[in-house]
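Going by TrEMBL, these are the annotated features:
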type	residues	note
DOMAIN	16-318	domain 'UvrD-like helicase ATP-binding'
BINDING	Ala37, Gly38, Ala39, Gly40, Thr41, Gly42, Lys43, Thr44	ATP binding site
DOMAIN	319-618	domain 'UvrD-like helicase C-terminal'
Amino acid sequence: MRVSSLTQPTSILDRLTEEQKRIVFSKEKGTQTLLVAGAGTGKTHVLTGRIIHLIDQFHNESSSIRPNEIVGLTSSLRTSERMSHIIDRETSLHHLYPHISLFNFFTNDLGAKLVERGLIERKGKRGDAGIRVVPHTQLMSFLKRQTEDLPLNRHPSITHRDMRSIINYLNNLAHHCISPERFKEHAQKMEGEEREKYEMIGTIYAKMREAKKREGVLDTADQVELLLNTLRENKEQVRDILPYRSIFIDDLQDFTPLQLELIKMITELREETELLAVGDDDQSIFSYRGASPFIFEHFMREFPQAKVVTLSEDKRSHNDITRAARNLVSHNSLRFETSFGLPKMTTGRIDPTDGRGVEHIEYESIRDGDIKVADIIHDIWGENERRGEDPSSITIMTRSNSQVPDICHRLQQRGIRCHSGMHQIFSLPTVSRIVSFLSVLVYPSESKDMYMLLSDGLDAEDLARVTEFHLKSRKSLREVIKMYSRTSGREEGMSAISEEGTKKLRDIQRDIGEYQEKMKKETTQQLVYQYLTRDGTLSRLMKPSTMDEEEDAAGLKKFFELLENVTGERGNEREHHVPFVLASLRHTRDNGEFKTDSELEDVVGHTVRVITVHKSRGEEYDYVFLVDVNSRNFPYSHRGGQAYEIPPSLLYNHPLPGKNLYSSHTEEERRVLHVGMTRAKKKVFLVSGSEDSSQHRPSRFIYEALNKPHRSQREKKETTVEEVEGIRAEDMLSRRSAGANFTLKASPPRDKVIDYSTIERYDTCPLKYCYADVLHVQNLMDGHHTDTDAASVASHSQVSEVFRSFTRGEKGDRSIYNAPFRFDFGRFTLQGKFDRIDETEKGNIVRQLHRSLEKGRKIPSQPKKDRDSSELLYYSWCHLKAKNRLPYKTMQESVHLTSEKLGTTGAIAEMVEPTEEEMKRYEGRMREIIRGMDGGEYQAAPSYRACTLCDFRSVCPSVYKKPRGSSLNSSSYFQVSGVLVFDRGGEKYPVSQTQMKLYLNVSNKLQVTRSGTEGTPRITHPRHPRYHYKTSSIATDTMPLFETISIDDEQIRGLIDQHYSLTLGKLIRSSQNNTYLATKIVDDQETKFIVRVTPDPKGDRLAGIELEITLLNELQQQGLTVCPPVKNKQSHYHVVSDSATGPVILVVFQHAPGVPIDFFSWSWLHEKKMVVGVGRWLSKFHKLSRQFSQNHPELIKNARPWTALHDGVLQGAPITAEDEKLSQSPQSYGIIHGDVNASNFYWDEEKLTVHMYDWDQLQSCWFAYDLAAPIWMVVACKEGGNPMDPTQSVPNCDPQVYTDWLLEGYEEDGEKVDRDHLKRMLSLRRLLLKRIGARAVKELPEDHPMAAACKQMDSWLNKE
């Protein structure tokens, strides 16, 4: 069973998306499933959730699969630890545990069991439990010993220094079951130097195999091969050893064909064994271990019945990051989605608070780059501390281990405290001295390590003199020490040192000789212990007195763990001695192969982490800096184990005939950068030199990710329709029936610099924008409309000269002509020119050219002020962004243009006087356009006017066709948002899809009617009755979540007086409803009322309000303490009236009796009687709600579903199967208040109950969701702090205590609450507020009264 409580973290099963649930809760048995999905989509969560679900089913006796019959195999120790932790937290396992481990640990375990059964001969010495794999570092030493007699000097490409590459290559050969004999046979078919090189590798391979067998040494491939052969030969004997009926593989891309073959063998031991493998071929970056992205295709060969599924939502990264990473890997030709036609179109998070998700930082010099990076990190750190977030969720990533120490050193010089995993341990003073000490024993002539020892023993002056002589004489420091020990520096050419310095040099000389003798017999651990004890270091660090000593002591502890790791369990064998241990230590220092990297926070605390991209896999951070993304590092020039590639004809079982198992080195390097980028949640910084840098030029991968042309490809590429998405022009022409729903998918434009014409193209029709600005389709026009008119004949400079000659400014005004502007907005840069700016006392007047293209065109005598001029609004907004102030006026001057003559009429065609409110609305519209332009999906918006003037109408599959027999023309045409349809004889045709604003302007002239048997609402224009607007298509367009439609207070005052004889008082709240206080005085006695005004632009609110009125009246009659509605003079409970912005609905309620709650006194949280009273009230209300639903089955159909509230923000929210089932039960699901909290009730001390008001969120939902509302307020205060001051905690805020009190009152009359169901409803509340917070940050201006609170809520909710 699952262990849960209301205050614990949300269960992993409750956080699953619908896509994930289909896999986790699958009822199929014995299925084989391959889940291929991008980074951040929750692949490991799916795998973990499935295991938890199976365990839950076993405890519920609905499944026969026992927990110990489940095995989860990973390629990462951290992943296996996290999975085990989550499973332990969310399940009660007792004595039955699933086997969750690294694949290598699993094989070790399996080997021990087979040895125990006598099926495998015991390998190793001194009581090894089973068949032990030799660590990689020892294997390198072993290889060197076996190849000492080989003439490697004849092959410059194969040297002892290249042993790591050879080890990796030989291991890969074994992982693909390629024997030495078969490899040699293939080498003999080659020619020239290649043949000699590969024959030598074959000889090394054969010697290694023989030596390993002789000495009982196994590498990972040997171990797997031994296990595989044993299982094949002893199937019956091993069934009870391997009881697994459910096998889960995480990060399939890291597994090899040999490992997969072993897994397949295990699945065949039992019938109906479930297999779920998850992975991402775009994260295959360990080819030097034998891994390859083609393992997915190999999986499909081995398991042909497997079904392939994918996930589309990246829950980790900002959408900009997801898009850029997808752009990058899309340049790879060898991908699973292209081979199998399974697109991984992952969509990331959209969070405006994070700004742009990807930024390219260029530097002129390394110092300049360090300063830029350090400044950004300081800013992020400070901002995180102000928000109360973890300041250290910042990681710097490098391509190779060799870059890590240098990056750390450079950033520490800039005041950035870093830690670097294994490098951090080796940089600590004591550990660094130990390594130098061991190095001096093994390599006495290496002066660098000797200098490190001397710097600890000599004073600065003596050290300087010794070093000076060392450099001048070119003798090793060891020789110099011997000379100074004899003479104290009194020989010619030497600088004398102090007597104390001479004594210390003699001591050092003596100690080195003594330890060199000891290292022949004693182990490394013994020598290190004696060394640290002799100089007092050990006793000092046992009782550290400073923070530095504490860090040094913690690092020393990790170092001893490392020593144990690299020496293993082999007693006094030679691998325990200094030369071999030192080789392992150096390899580990350089390559970071130590499992305690994840524990380094114990050593270094909160710092910026510096790691390689390879080590970052499986991790996530808020901010990621990928440094030195230069052409030398991406792709990486030093290929290591990838320097030798397996020939295609030798591949294991020939899974891909004719293909190399390894994709090209360049493609893997793309995947490496892709992995680094997708570790970031909020932002990734790509840091490189500038294009003009000779050594640090940006990698071409940056341009691929950002969809920008490389320097060598700067000329704009013209793309034809045939080159995009495989769509040919003739195919598109044949798809005329696609209509308005046709959407073309294409990579967003490379060119991010745009102007008004680009904006206008997208606003008119996104598909037109795609053709012109994304695909650059050329010469496809049918000649109907081209740029050969007078506007193109006259150059802008000619027009400007005429314009300059005409001056309308008043005396003293200063005019500026052709004033350029350029500013960044989102991911685009907007640029253009103001034709003329007049600077006046009242402010700037912006004048733009109005070009009359036809001869004799009539210019209006008066400027149009009411016209919705998107162009003038655009230039007004640009003036605001570029000049940081509103223009006083923006107007269009009419210039008459012909081919023969150029002149001006001097008339003003249009004029606007922009307001701040208009500019805020226009900026919101621009954000929508920019997001759409960069979204990669471009939908057609056909209309008569747009299509008639479109250059691409000959190739567009959605071109508008005028209905036969219609007399449609421009004079009978008006535009609204959504789908305007032409209705003729019952046939409906799409007409246009443009802005919303005009609809609002004319809405008071429109009539709402219902047509047809279904009664679909439609809006009809009285002058054009054939045109109606389908209201259902704009459910979320007319009133965004935080839109406040302005209300005329004076009009409301008159209506209240006319219909209710009340005096309208102050405005209490203005949101999607306006709430006022009203009063009435009778016999000197004042009575208070509440007036609620609901704008109804869509005409869909009245039915819900009528439901609310009926419900409140019945609740009051049944004795529930609510605030009922008040009848007006006409005996109606509401008034519907037209206003300048559309219909409004007025309802007047009785004012609540009792005492208002002071929210910040926290009485609603701390006083048990009040909390219990809320619980009692909710219990009684829910009982009455059930009765109401039974009595009014038709009326409750008008209740809004919970997914429709708040502009549909909960659309698509994940719901469990249990809750889906409960939604069909009238006992669990019905009409609820929806917003029960201390701000919506008064307290009645006499009756110990509440008087509830504000029923605007009345909805159909689970009753437990109503209960979750007040509990959520407590949880929010606990996690988010005081809403007025998030830095202050709320005193005695305990959600569990509050929940217990609330349920005590709720369950008094026998009502029982399912705690697990309530917990899931709390999760739904959390999701609601999380999404509202994200929307608020995106939509609300900073001066909005709700902006600060919503921003604070969003920051702590999205910190999770």
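Count begins at 1; order follows the chain as displayed.
Backbone N, Cα and C define each Cβ position, glycine as well.
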Chain-mates of Ala37, Gly38, Ala39, Gly40, Thr41, Gly42, Lys43, Thr44 with C-beta within 8 Å of site centroid, ATP = Asp280, Leu311, Asp314, Lys315, Arg316, Thr346
Using a Cβ-Cβ cut-off under 8 angstroms and a sequence gap of six or more, which residues of the chain neighbour Lys43 (ATP binding site)?
-> Leu35, Ala37, Asp250, Val278, Gly279, Asp280, Leu311
Which one of these binding-site residues has the most other Cβ atoms within 10 Å of its own Cβ: Gly38, Gly40, Gly42?
-> Gly38
Neighbourhood of Thr44 (ATP binding site) by C-beta distance under 8 A, where only residues 6 or more apart in the same chain count = Thr79, Arg82, Met83, Asp250, Val278, Gly618
Distant-in-sequence Cβ neighbours of Ala39 (ATP binding site), under 8 Å, six or more positions away | Asp280, Asp282, Gln283, Asp314, Arg316, Ser317, Ala325, Thr346, His674, Val675, Thr678, Arg679
Calculate the per-residue pLDDT averaged over the domain 'UvrD-like helicase ATP-binding' (16-318) and state the result as an integer.
-> 82
Any same-chain residues 6+ apart from Thr41 (ATP binding site) with CB under 8 Å of its CB? Would you list them in sequence order, or say none?
-> Leu311, Ser312, Glu313, Asp314, Lys315, Thr346
Row Ala37 (ATP binding site), column other C-beta within 10 angstroms, all chains, value 24
